[in-house]
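First comes the structure, then the notes that go with it.
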Amino acid sequence: MYVYERSRPASPKHSTLILIISPQRTPLRQWMLQRGQNTVVAESGPSQTSTVTVPNAATNRLVGRWLVGCSGLVLGAVVLGGVTRLTESGLSMVDWHLVKEMKPPRSQAEWEAEFSKYQQFPEFKIMNHDMTLTEFKFIFYMEWGHRMWGRLVGLAYILPTMYFWKKGYFNRSMKARVLGLCGFVFFQGLLGWYMVKSGLEEKPESYDIPRVSQYRLASHLGSALLLYCASLWTGLTLMLPANKLPDSKRVLQLRRFAKGTGALVLLTALSGAFVAGLDAGLVYNSFPKMGEYWIPDDLLAFSPTIKNFFENPTTVQFDHRVLAIGSLAAITGLYFFSRRMHLPRRAKIAISCLTAMAYTQVALGICTLLLYVPTPLAATHQSGSVALLTFAIWVLAELRKVAK
C-alpha cells in the first residue's frame, strides 16, 4: 500500500511533493515527475531520503531567457566581426593564445614589440608599409576587442550551463542541446584562428591585397549564424507558449513556406560572406543593372565553371543579388499568404516584422552598393542580415507544431 500527501505550495511557481513509497519505482511516481513538479522527495525508510529536481515552466522560462541572451552576445560578435573586417583590422594580431593575449600591450616597449611582429607579415609589407604605431594601435584594439568578446560569449554559455545542470534545470534532451552549443562555441573560436592564419601566409605568386580565405570566412560566419539560430530557436521555444494552430492543410503549407524562406535568408547571408571576402561589393556599383548589362559578360570568366561561384567577384556579387531578390520575393509571398489565414496575434506581428525588415535590408544593400561600400553603411547592412534572420526564427517559433 502506498501513501502520498502534497504539502501546501511555497510559491505559485513551485510546489513540493512528499511521497512515502517502497524502494521500487511506481507508475504514480513516474506520472508525478512527468507533470513537471519542481522538487520531489522520496523516502524508502526512516534513514533513506533522496531529492530529485526536474524542470517546470518557471525553470524553462529562465533557461530560455539565458539562451536568448547568449544569442544576443553571438549577434554582437557577428556585428563586431563585420566591423573588424571592414576596417581591415583582422590581421593585426598575428598570434593566438587563450589567456596570454587577454592583456593588451601597456608600455611603449610592448607596443613596439607587437608592431614589430606585425611588420613581418604580408599585410604590412604589401599594403600598410607606411603605417604608424598610432594607426596600428587602432586596428589592434579592434581585433583584440573582437577576440575578447568571443571569450565573453564562451563564458556566457559555459558557466550558466554548469549552474543549471547542477540545479537540475535540464532534462535529457536539453542536456544534449547545451553540450552541443558549448562545444560549438569552442569550435567557433578555433575556426576563427584558422581563418586568420590564411591571411598571414606568404604567397609569393600573388600580388593581390592580403586577405583571409573567403571559404574560411564563410565557414566562420556560417558557424556563428548556426550557433545564433540554434540558441535563439531553443530560447524562444522555452519562453513563448506554443500557439494552438489547427493541423489543416493551409497551416502545414504555411509552415513549409516559412521553413523554406528561413533557409533562403540564411543562404543569402552566407553568400554575403563571399562578397565580403572577395571585396565583390566594389566590382559593379550600379543597380539594378551591373554596369550596362543585366548579366555581365565576365560572369563565367574562370575555368572550371564552378570556381566562378566562389572565386569570381562578379559572379559572387551577381549570386548575392539574385538570392537577396529571391528572399524578398519569398518573404512578400509569405506575408500575403498568411493574410488569408486566421493566425494568432503574435504570429501576425512576427511575419509583419520579417516583411518590413526584408525591404529595409534590400534598401540598405542597394545604398551600400551605390555609395561604394562606406564602412558605417556596410556594417549596418551586415547587421541587418542577422536581424532578418532573427525575425525568420521568430516566425518559425510562432508557427511551430505543438507536441501532443
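Cβ atoms here come from the backbone N, Cα and C positions, even for glycine.
The transmembrane segment annotation in TrEMBL covers 66-86 (among others).
TrEMBL lists 148-165 (among others) with the feature transmembrane segment. Same-chain neighbours of the transmembrane segment (148-165): 63, 66, 69-70, 73-74, 76-77, 80, 102, 175, 178-179, 181-182, 185-186, 188-189, 192, counting only residues six or more beyond its ends whose CB sits under 8 Å from a CB of the stretch.
Annotation source TrEMBL lists transmembrane segment at 177-196 (among others).
Using a Cβ-Cβ cut-off under 8 Å and counting only residues 6 or more beyond its ends in the same chain, the transmembrane segment (221-242) has close neighbours at 60-61, 63-71, 74-75, 77-78, 81, 177, 180-181, 184-185, 187-188, 191, 266, 269-270, 273, 346, 386, 389-390, 393-394, 396-398, 400, 402. Residues or ranges marked as transmembrane segment by TrEMBL: 221-242 (among others).
For 263-284 (among others), the entry in TrEMBL reads transmembrane segment. With a threshold of 8 Å between CB atoms, the same-chain residues lying at least 6 positions outside the transmembrane segment (263-284) that come near it are 82, 85, 211-215, 217-218, 220-222, 225, 229, 290-291, 296, 310-311, 313-314, 316-317, 319-320, 323-324, 326-327, 330-331, 368-369, 372-373, 378, 382, 385-386, 388-389, 392.
Proximity of distant same-chain residues to the transmembrane segment (320-337), defined by a Cβ-Cβ separation under 8 Å and at least 6 residues beyond the stretch ends, is recorded for 253-254, 257-258, 260-261, 264-265, 267-268, 271-272, 274-275, 280, 290, 351-352, 354-355, 358-359, 361-362, 365, 388, 395. The transmembrane segment annotation in TrEMBL covers 320-337 (among others).
Annotation source TrEMBL lists transmembrane segment at 349-373 (among others). Panel annotation: around the transmembrane segment (349-373), residues 281-282, 284-287, 324-325, 327-328, 331-332, 334-335, 338, 343, 380-381, 384-385, 387-388, 391-392, 394-395, 397-398 of the same chain, lying at least six beyond its termini, place a Cβ under 8 Å from a Cβ of the stretch.
Marked as transmembrane segment by TrEMBL: 379-397 (among others).
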For this session: Residue list, the transmembrane segment (177-196) vs rest of chain: Cβ under 8 Å, 6 or more residues beyond ends.
Result: 67, 70, 90-91, 93, 96, 147, 150, 153-154, 157-158, 161, 164-165, 170, 212-213, 216-217, 219-220, 223-224, 226-227, 230-231, 234
